[in-house]
Amino acid sequence: MNTENCPPLLNTSQMTGDLGGGNANKREMENQAFSSLTTSFAVCLTGTKKGCGIGGCGACTVMISTYDPVSKKILHYPANSCLLPICSLHGTAVTTVEGVGSTKTRIHPIQERLAKCHGSQCGFCTPGMVMSMYALLRNHPEPSMEQITAALDGNLCRCTGYRPIIESYKSFAGEQQGRTLVFQGERTMWISPASLRELLELKTKYPKAPVVVGNTSVGLDMKIGGVHHPVILHPDRISELRIVNNTNNGLVIGAACRLAQLRDILMKAVSGLPEEKTKIFCALLQQLRTLAGEQIRSLASLGGHIVSRGSTWDLNPVLAVGNSVLNLTSTGKMQNISVMDLKDSYLPVMEFLSVKFSFAQDDFVSAFRQAERRKNALSIVNSAMRVLFKPGTNVIMDLNILYGGIGSTTVSARKSCQKLVGRQWNEHMLGEACRLVLGEIFLSPSAPGGKVEYRRALLVSFLFKFYLQVLHGLKILVSDFLRQISELTLFMWDRISERPPQDPVGHPIMHQSGVKHATGEAVYCDDMHPIDGELSLAVVKSSKAHAKIVSIDASEAFKVPGVVDVVTASDVPGENGTKNEKAFAEEEVICVGQIICAVVAESDIQAKRGAEKVKIQYEELEPILTIEDAIKHNSYIGKEKKVEKGNIEKGFNSADEIIEGEMHIGGQEHFYLEPNSVLVVPRGEDNEMDVYSSTQYSSNVQELVASALDIQSNKIMCHIKRVGGAFGGKITKPSYFAVIAAVAANKTGRPVRFILERHDDMLIVGNRHPFFGKYKVGFMNDGRIVAADIQAYINAGCTPDESEMVIEFIVLKMDNAYKIPNFRVRGRACKTHLPSNTAFRGFGFPQSGLFAETWVTAVATQTGLPPEQVRDMNMYEGLNVTPFKEQFDATNLRKCWTECLEKSEYYSRKTAAEEFNKQNYWKKKGIAIIPMKFTAGFNKTFYHQAAALVHIYKDGSVLVTHGGVELGQGIHTKMLQVASRELKVPLSYIHLCETSTTTVPNALITAGSVGSETNGKAVQDACQILRKRLEPIIQKNPEGKWEDWIKEAFQESISLSATGYVTYMNWEKEEGHAFPYFIFGVACSEVEIDCLTGDHQNIRTDIVMDACFSINPAVDIGQIEGGFIQGVGLFTMEEIKVSPEGKQYTLGPDTYKIPAVCDIPEQFNVYFLPNTRNPIAIYSSKGMGEAGVFLGSSVFFAIRDAIASVRKERGLPENFTLNSPLTTEQIRMVCADDFTEMIPRDKPGTYKPWDIEVA
């Protein structure tokens, strides 16, 4: 066999751009030839980001260009570089975001439009967005809107809400052959044969070697499952595997055909062939439209999809019902088999060549799937069904029913189908078919993935959908699935024309780093170039929820090449964390994921290998995991928090009716795109140390590191340039990560870089607090609520973290927008053995607000009144007092309510939805309008102080630094606007440096929606002092230039800071000025649900927000939209799954689904309430960072409204409980019907559940 041993490193001069995703990992390739493209090289470009490492977020998207021997053209496609083995790219061109454009040369229109349309906030996802669009435009210079949105299927954004990204891209709407390549790595040999004969010989020689094309399946097994393959075969250059042939009775497509290519081939066939021949093709297209994201579709191969035989793989059932034939070959032997007949025994000895897709007969074919997200999510259950009738009759001649998501592979209801042959297609057949299928297809009550009853319901729901389609003679066309995103608009009421054009305040100024986000030049912590002698760190985590540590054996770790040391609690010179939480576990572990020790090594891979070798022996203890268990064991953190107003007992005695209920609200992952990162660099003298951290709280990092090293804080310099999203998840834990890295750096005397993998970040950091609430509400028959008694509990996890403050906020904000004369709310934080839950955008209010709206809705249901009427009559108005006796003016709350009713056309659309529901039994629409009274800031005095340092240099340039951290919320941009206005100089004169403890000491948390207010006041104060000092010089030379005035005054000292305002809440008296000001808003949302699957579609959302005078309307609207979409995820989609042993299952984008492009409302309108002012904050502005999250609950209650219509029509009780998130499973099961009644139910306690409810 003719082979050539290739060097492990590609010639980077062949590359269009960088192959990197964080320079800390650049040595990985030297240790492992089978390395992903996110491995960096000496070119040290850092635009490509590593967000998840498993191809689920799109942050690492690059463009691959390769010669296609079939079409004889260069093909361009986007790809997740984290899944691309370097060896697979021989002979291709790789373009990263640096190759598209940069500020040093010329930025591309894609980058420019994305920045100018405010399509980036934290910017970590932006290079991936740019590359997905760039690859699309290289293939389709004038793409359709459908192509644009499809191109972004695989890109996630946690900040923007997607609207500005889509808007920015709307404007665009209109190989080597002949030798076998061998790459030899430390543990893996990668072989790319040039011919089919050589591949078959290699398969004979290495029967266990996987055949890899796109690496989307094998790569995940290696990354997540720790699977190791000594030999990997890559047949991508073999022409027989890439054929596309038309035959008289179908198509033959090579096994190496990418799924994106398959889609294009099938679309072409559908457009050119008679409709009756392409039913199977249309069913395949239907599944391809929603299968994965465009990056994965561009990598994954047809053959790989089939032979991996994943249970949730959407195409296999369709191929099976379409009688597709697989062409297999081995040396001297050919064999044709059906998809369902493919067995594991074939794969070691035979190679999969191609698939024959047969034209349809006179049959009906349909495909179905239901996932946690409409696109780019694995199916919960999928199905394909086919029926052939005797000519001219409705008598079944042949029937096929197949399901995925039920067993380990695709399963067939073969026996049921055989029994139904000869039956007429009618209701009697349907009932029998449902019973037969439920009897044949078994799903264990402990099945992995849970949702057992829902999955059983989908079996018969899909069957009923197929029955209806066939009954009405429906033809399966190429589904659109993506409604045109038509009216994504925003409205800003500020009168920009009335302000001087040179004053940037109030104008929609582009994000300060927007262009750098789009070009990949914005530097994040892991983008920093490697330091000489730098080590990588990996942590050893607890695998038990509660246990004593018997022993730590690190002897095997030291045998791993490259491992330098193992760091434990005994290596901490000072304090091992704080009194509430330890950096390293000592004698006991109190949750799965708690850090026990750390391994430092010469490379990231070596550190991880070393960590895997550390052996921990435990003595297990009984864990407390749920709120219910914590209440039973009296396990709490802190004291009960209580606020009471009026006379509760008297109020209940006066009520016409009293109702009681309860609600569970699940937690939420932060899922910022940039994982937690820290780089610690010892300076070599006086114990000084630089700490570069992705934190929201620089001074806390400084304080804890100094305490751990037993040195003064003035020796620790913490630096933050920018953070790739945080949402509260980078307040407390980054300080402990910094301590771990600093202790390692102190012990070794070398720089240490610690970058958390996505699964570690999601496990260790904690989540939004799961919530459990009980209510007792008394009300009059006309809907007026006279008394409410509320008990609230949150699952705090194993340490206090921010839980006491979160439960305080929940208690303080439980009234939301409603004046209840007799009101009591009590709250407790439950201590459990889960990772400590922490701060999250909204800080308890999304939970308390949703719960409040739930008991208000219950009152409406009980009285038979429209929910909006009950809300209206109980809403605050005019001057008022909260239950904790803080005065406020609710006039703007009422104005938002009235404005939103009008702007949303609420009443006419409600009437239209009711008419739609009368005419549709299996689909229903719902609409809801929800008010909000949100409080900005914190209820503790010291959180509202801030400082800034402003320098003016002799050339007139201005340097601004302040204590706030740029998290994507645009705080730096707003500070530049403030400085420009106060100094009366153009923005181009002003530069904003990093956030650092060396320039602004004792900076507080950047959180609570008041970062711009507090730091803005400080910048304003410093600039006003400077301007005042310059006034005498300006008066002497009023016609002079800024530079002239500065040169004349350069000897004056200009280094000043200023602090903000304070507030206070007295918990003993249950009263006080708890919050600086209130933000009012109202949201109206409309949805459509599918009663058979639980799927829902967000049709339209209108938001009216009391933003007062916006410093930067584009930034503020971006915050509202991003928060709203995050709230939609919290309330309808995002589920955290935990095992009965306390292990979290949802640790990446493959198992945890945040909203994507397909989840934004088709019409999304944001309005600012006109002519309002806020005298407390700078320039009469209001903080918009968090308020939008709760408004996502309008989608929750719109879904509830649709469900209520279903239940009323079916004679079901209209008082029903919905928990959050309101997932497809819950929607389907509460829309009860004959199908949900016939599924088998398992008695609780007779089996061990796969997951448990911790709320």
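Each Cβ is built from the backbone N, Cα and C atoms, and glycine gets one as well.
Note that the structure is predicted; figures quoted are calculated from it, not measured.
Look at TrEMBL and you will find Glu1186 tagged as active site, proton acceptor.
Other C-beta atoms found within 10 angstroms of the C-beta of Cys57 ([2Fe-2S] cluster 1 binding site) number 31, with every protein chain shown included. What TrEMBL records for Cys52, Cys57, Cys60, Cys82 is [2Fe-2S] cluster 1 binding site.
The feature [2Fe-2S] cluster 2 binding site is assigned by TrEMBL to Cys122, Cys125, Cys157, Cys159.
For Val211, Val212, Val213, Gly214, Asn215, Thr216, Ser217, Val218, Asp314, Arg369, the entry in TrEMBL reads FAD binding site.
Around the Cβ of Phe727 (Mo-molybdopterin binding site), a 10 Å sphere holds 30 further Cβ atoms from the protein chains shown. Positions annotated as Mo-molybdopterin binding site by TrEMBL: Gln696, Phe727, Arg841, Gly1008.
Residues annotated as compositional bias 'Polar residues' in TrEMBL: 1-16.
Annotation source TrEMBL lists domain 'FAD-binding PCMH-type' at 183-375.
Sequence annotations record features per position, and here TrEMBL assigns region 'Disordered' to 1-23.
Rounded to a whole number, the C-alpha distance linking Asn215 (FAD binding site) with Cys82 ([2Fe-2S] cluster 1 binding site) is 10 angstrom.
Distance noted between the C-alpha atoms of Cys159 ([2Fe-2S] cluster 2 binding site) and Ser217 (FAD binding site) is 29 Å. The maximum pairwise C-alpha distance among Gln696, Phe727, Arg841, Gly1008, the residues recorded as binding Mo-molybdopterin, is 13 Å.
Within 8 A of the CB centroid of the [2Fe-2S] cluster 2 site residues Cys122, Cys125, Cys157, Cys159, the other residues of that chain are Ser120, Gln121, Gly123, Phe124, Thr126, Arg158, Thr160, Leu673, Gly724, Gly725, Gly968, Gly1122. Within 10 Å of the C-beta atom of Asp314 (FAD binding site) sit 26 other C-beta atoms, taking all shown protein chains into account. Looking at Gln696 (Mo-molybdopterin binding site) and Cys122 ([2Fe-2S] cluster 2 binding site), their Cα atoms lie 13 Å from each other. Comparing Cα positions, Arg841 (Mo-molybdopterin binding site) lies closest to Cys122 out of the binding-site residues Cys122, Val211, Ser217, Asp314.
Under 8 Å, Cβ to Cβ, and six or more positions away along its own chain, Cys157 ([2Fe-2S] cluster 2 binding site) finds Cys125, Met129, Ile165, Leu673. Ranking the binding-site residues Cys122, Cys159, Val211, Val213 by how many other Cβ atoms lie within 10 angstroms of each Cβ puts Val211 at the bottom. Considering only the binding-site residues Cys52, Cys122, Gly1008, the residue whose Cα is spatially closest to the Cα of Glu1186 (active site, proton acceptor) is Gly1008. Annotation: Cys125 carries the greatest number of neighbouring Cβ atoms among the binding-site residues Cys52, Cys125 [cut-off 10 Å, Cβ to Cβ].
The binding-site residues in question are Cys60, Cys82, Arg841, Gly1008, and the one with the fewest Cβ neighbours inside 10 Å is Gly1008.
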